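Please read the structure below before turning to the comments.
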Amino acid sequence: MRTATYFFIFLNLSLAMFEEPAVYPLPFLVTSLVEVLCLLVFLGRLAHFATVTLHGVFWKDTKNICIMVAILLSLTDLAIYGALRAHGVRSIRWSRIVRPIFLINFAESRQIRRAFRSIRNTLPDITYVFLLFMFSLLMFSLMALKLFGDRNLQTAEGLPYFGNYLEIVFDLYVLVTTANSPDVMMPAFDFSSWYALFFIAFVIVNTYIFMSLFLAVVYNNYKKHLKVMLGG
(Lines of atoms letter the chains of each structure in order from A and count residues from 1; the text may use other names and numbers.)
(Lines give C-alpha, C1' and ligand atoms only; values in the text may rest on other atoms or scores of the structure.)
Protein backbone atom coordinates (compact mmCIF):
# COMPACT_ATOMS: atom_id res chain seq x y z
CA MET A 1 0.00 0.00 0.00
CA ARG A 2 2.86 2.36 0.80
CA THR A 3 4.54 1.69 -2.55
CA ALA A 4 1.27 2.17 -4.42
CA THR A 5 0.61 5.45 -2.58
CA TYR A 6 4.05 6.79 -3.43
CA PHE A 7 3.64 5.72 -7.06
CA PHE A 8 0.34 7.57 -7.53
CA ILE A 9 1.67 10.65 -5.69
CA PHE A 10 4.64 10.68 -8.07
CA LEU A 11 2.32 10.17 -11.04
CA ASN A 12 0.07 13.03 -9.91
CA LEU A 13 3.01 15.41 -9.47
CA SER A 14 4.48 14.36 -12.83
CA LEU A 15 1.35 15.48 -14.68
CA ALA A 16 2.68 19.06 -14.63
CA MET A 17 5.25 18.02 -17.25
CA PHE A 18 2.55 16.92 -19.68
CA GLU A 19 -0.30 19.39 -19.09
CA GLU A 20 -0.51 22.57 -21.14
CA PRO A 21 1.68 24.57 -21.13
CA ALA A 22 4.33 21.86 -21.18
CA VAL A 23 7.37 20.78 -23.15
CA TYR A 24 5.77 17.42 -23.92
CA PRO A 25 2.01 18.12 -23.89
CA LEU A 26 -0.44 15.23 -23.91
CA PRO A 27 -4.14 15.44 -24.85
CA PHE A 28 -6.32 16.88 -22.11
CA LEU A 29 -8.41 13.70 -21.98
CA VAL A 30 -5.32 11.61 -21.16
CA THR A 31 -4.02 13.86 -18.39
CA SER A 32 -7.47 14.36 -16.89
CA LEU A 33 -8.15 10.60 -16.78
CA VAL A 34 -4.79 10.00 -15.10
CA GLU A 35 -5.51 12.72 -12.57
CA VAL A 36 -8.96 11.35 -11.81
CA LEU A 37 -7.41 7.89 -11.32
CA CYS A 38 -4.86 9.33 -8.87
CA LEU A 39 -7.56 11.19 -6.96
CA LEU A 40 -9.69 8.05 -6.73
CA VAL A 41 -6.70 6.15 -5.33
CA PHE A 42 -6.13 8.92 -2.76
CA LEU A 43 -9.81 8.86 -1.85
CA GLY A 44 -9.70 5.08 -1.47
CA ARG A 45 -6.60 5.33 0.71
CA LEU A 46 -8.38 7.92 2.86
CA ALA A 47 -11.41 5.65 3.14
CA HIS A 48 -9.08 2.86 4.25
CA PHE A 49 -7.70 5.12 6.99
CA ALA A 50 -11.26 5.84 8.12
CA THR A 51 -12.08 2.14 8.52
CA VAL A 52 -9.09 1.44 10.78
CA THR A 53 -9.21 4.68 12.80
CA LEU A 54 -11.64 5.80 15.46
CA HIS A 55 -14.25 8.17 14.03
CA GLY A 56 -13.38 11.03 16.39
CA VAL A 57 -9.65 10.63 15.83
CA PHE A 58 -10.00 10.54 12.04
CA TRP A 59 -11.94 13.80 11.82
CA LYS A 60 -9.65 15.59 14.27
CA ASP A 61 -6.56 14.78 12.19
CA THR A 62 -5.76 17.84 10.07
CA LYS A 63 -3.84 15.68 7.60
CA ASN A 64 -7.03 13.90 6.58
CA ILE A 65 -8.92 17.18 6.27
CA CYS A 66 -6.16 18.62 4.06
CA ILE A 67 -6.27 15.59 1.76
CA MET A 68 -10.06 15.77 1.42
CA VAL A 69 -9.95 19.51 0.67
CA ALA A 70 -7.18 18.97 -1.90
CA ILE A 71 -9.19 16.23 -3.63
CA LEU A 72 -12.31 18.43 -3.70
CA LEU A 73 -10.38 21.43 -5.07
CA SER A 74 -8.68 19.31 -7.73
CA LEU A 75 -11.94 17.78 -8.94
CA THR A 76 -13.69 21.16 -8.96
CA ASP A 77 -10.88 22.79 -10.91
CA LEU A 78 -10.73 19.88 -13.35
CA ALA A 79 -14.48 20.12 -14.02
CA ILE A 80 -14.39 23.91 -14.48
CA TYR A 81 -11.33 23.74 -16.74
CA GLY A 82 -12.89 20.97 -18.84
CA ALA A 83 -16.18 22.89 -19.23
CA LEU A 84 -14.38 26.09 -20.23
CA ARG A 85 -12.16 24.21 -22.64
CA ALA A 86 -15.19 22.59 -24.28
CA HIS A 87 -16.58 26.08 -24.94
CA GLY A 88 -13.27 27.35 -26.33
CA VAL A 89 -12.41 29.51 -23.31
CA ARG A 90 -8.76 29.52 -22.23
CA SER A 91 -8.06 29.16 -18.51
CA ILE A 92 -5.43 27.84 -16.12
CA ARG A 93 -5.28 24.85 -13.77
CA TRP A 94 -4.94 26.68 -10.47
CA SER A 95 -5.29 23.46 -8.45
CA ARG A 96 -1.79 22.31 -9.43
CA ILE A 97 -0.41 24.17 -6.44
CA VAL A 98 -2.31 21.87 -4.04
CA ARG A 99 -0.79 18.65 -5.41
CA PRO A 100 2.19 18.65 -2.99
CA ILE A 101 -0.38 18.43 -0.18
CA PHE A 102 -0.78 14.73 -1.01
CA LEU A 103 2.96 14.21 -0.67
CA ILE A 104 3.07 15.83 2.77
CA ASN A 105 -0.13 14.69 4.46
CA PHE A 106 -0.37 10.93 3.89
CA ALA A 107 0.65 8.84 6.89
CA GLU A 108 3.48 7.22 4.91
CA SER A 109 5.19 10.62 4.49
CA ARG A 110 6.28 11.02 8.10
CA GLN A 111 9.87 11.92 7.21
CA ILE A 112 8.75 14.50 4.65
CA ARG A 113 6.40 16.10 7.20
CA ARG A 114 9.24 16.22 9.71
CA ALA A 115 11.46 18.01 7.20
CA PHE A 116 8.59 20.34 6.26
CA ARG A 117 7.97 21.26 9.90
CA SER A 118 11.67 21.94 10.37
CA ILE A 119 11.62 24.29 7.39
CA ARG A 120 8.49 26.01 8.70
CA ASN A 121 10.05 26.47 12.15
CA THR A 122 13.24 27.82 10.56
CA LEU A 123 11.49 30.60 8.62
CA PRO A 124 11.02 33.01 11.59
CA ASP A 125 14.71 32.66 12.47
CA ILE A 126 15.90 33.79 9.04
CA THR A 127 13.51 36.74 8.76
CA TYR A 128 16.00 39.30 10.07
CA VAL A 129 18.78 38.16 7.74
CA PHE A 130 16.37 38.24 4.82
CA LEU A 131 15.21 41.76 5.72
CA LEU A 132 18.83 42.93 5.92
CA PHE A 133 19.50 41.41 2.51
CA MET A 134 16.44 43.12 1.02
CA PHE A 135 17.50 46.44 2.57
CA SER A 136 20.95 46.06 0.99
CA LEU A 137 19.40 45.18 -2.38
CA LEU A 138 17.05 48.19 -2.27
CA MET A 139 19.88 50.57 -1.28
CA PHE A 140 22.16 49.34 -4.06
CA SER A 141 19.26 49.69 -6.50
CA LEU A 142 18.72 53.28 -5.38
CA MET A 143 22.42 54.02 -5.85
CA ALA A 144 22.29 52.45 -9.32
CA LEU A 145 19.33 54.64 -10.23
CA LYS A 146 21.22 57.77 -9.15
CA LEU A 147 24.44 56.67 -10.91
CA PHE A 148 23.02 55.54 -14.24
CA GLY A 149 19.44 56.81 -14.49
CA ASP A 150 20.30 60.23 -15.96
CA ARG A 151 23.06 59.16 -18.36
CA ASN A 152 20.73 57.95 -21.14
CA LEU A 153 22.54 54.62 -21.41
CA GLN A 154 21.03 51.76 -23.38
CA THR A 155 21.21 47.99 -23.23
CA ALA A 156 22.36 45.83 -26.15
CA GLU A 157 18.68 45.56 -27.17
CA GLY A 158 18.36 49.35 -27.35
CA LEU A 159 16.26 49.65 -24.18
CA PRO A 160 16.81 52.31 -21.49
CA TYR A 161 19.44 51.16 -19.01
CA PHE A 162 18.64 51.36 -15.29
CA GLY A 163 15.97 53.99 -15.76
CA ASN A 164 13.22 52.31 -13.72
CA TYR A 165 13.69 51.54 -10.03
CA LEU A 166 11.69 48.29 -9.96
CA GLU A 167 13.52 46.98 -13.03
CA ILE A 168 16.83 47.80 -11.34
CA VAL A 169 15.76 45.86 -8.23
CA PHE A 170 14.91 42.84 -10.38
CA ASP A 171 18.15 43.02 -12.40
CA LEU A 172 20.29 43.30 -9.28
CA TYR A 173 18.31 40.51 -7.62
CA VAL A 174 19.19 38.30 -10.59
CA LEU A 175 22.80 39.48 -10.30
CA VAL A 176 22.92 37.98 -6.79
CA THR A 177 22.78 34.60 -8.54
CA THR A 178 25.33 35.90 -11.13
CA ALA A 179 22.97 34.60 -13.84
CA ASN A 180 23.09 37.90 -15.76
CA SER A 181 26.75 38.65 -15.04
CA PRO A 182 28.52 40.47 -16.64
CA ASP A 183 25.79 41.42 -19.16
CA VAL A 184 23.98 43.66 -16.67
CA MET A 185 27.21 45.59 -16.09
CA MET A 186 28.37 46.10 -19.69
CA PRO A 187 26.43 49.28 -20.63
CA ALA A 188 27.85 51.06 -17.58
CA PHE A 189 31.30 49.53 -18.11
CA ASP A 190 31.33 50.71 -21.73
CA PHE A 191 30.56 54.24 -20.53
CA SER A 192 33.29 54.15 -17.88
CA SER A 193 35.32 51.22 -16.63
CA TRP A 194 35.24 52.72 -13.12
CA TYR A 195 31.56 51.80 -12.83
CA ALA A 196 32.64 48.16 -12.60
CA LEU A 197 33.55 48.91 -8.98
CA PHE A 198 29.84 49.37 -8.17
CA PHE A 199 28.95 45.90 -9.45
CA ILE A 200 32.02 44.31 -7.85
CA ALA A 201 31.02 45.83 -4.48
CA PHE A 202 27.43 44.64 -4.97
CA VAL A 203 28.50 41.06 -5.69
CA ILE A 204 30.92 40.97 -2.75
CA VAL A 205 28.35 42.29 -0.26
CA ASN A 206 25.24 40.46 -1.45
CA THR A 207 26.46 37.28 -3.14
CA TYR A 208 29.50 36.38 -1.06
CA ILE A 209 28.65 37.88 2.34
CA PHE A 210 24.84 37.90 2.60
CA MET A 211 24.28 34.60 0.79
CA SER A 212 26.91 32.86 2.92
CA LEU A 213 25.37 34.34 6.07
CA PHE A 214 21.89 33.39 4.89
CA LEU A 215 23.00 29.80 4.22
CA ALA A 216 24.70 29.53 7.61
CA VAL A 217 21.60 30.77 9.47
CA VAL A 218 19.30 28.44 7.53
CA TYR A 219 21.55 25.42 8.08
CA ASN A 220 22.13 25.98 11.79
CA ASN A 221 18.48 26.67 12.61
CA TYR A 222 17.20 23.81 10.45
CA LYS A 223 19.62 21.43 12.18
CA LYS A 224 18.56 22.75 15.59
CA HIS A 225 14.84 22.27 14.94
CA LEU A 226 15.36 18.85 13.38
CA LYS A 227 17.41 17.76 16.39
CA VAL A 228 14.66 18.93 18.75
CA MET A 229 12.07 17.05 16.69
CA LEU A 230 14.11 13.86 16.83
CA GLY A 231 14.49 14.24 20.58
CA GLY A 232 18.27 14.62 20.42
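Using N, Cα and C of the backbone, Cβ positions are placed for all residues, glycine too.
All annotation found in TrEMBL is predicted automatically rather than curated by experts.
Now, the feature entries from TrEMBL:
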- 1-16: signal peptide (SIGNAL)
- 5-224: domain 'Ion transport' (DOMAIN)
- 26-44: transmembrane segment (TRANSMEM)
- 65-84: transmembrane segment (TRANSMEM)
- 126-147: transmembrane segment (TRANSMEM)
- 159-176: transmembrane segment (TRANSMEM)
- 196-219: transmembrane segment (TRANSMEM)
Top partner of the transmembrane segment (196-219) among 65-84, 126-147, 159-176 - counted as Cβ pairs under 8 Å: 126-147
Long-range environment of the transmembrane segment (159-176) - Cβ separation under 8 angstroms, sequence gap at least 6: 137-138, 140-142, 144-145, 147-149, 152-153, 184, 187-188, 199, 202-203, 206-207, 210-211
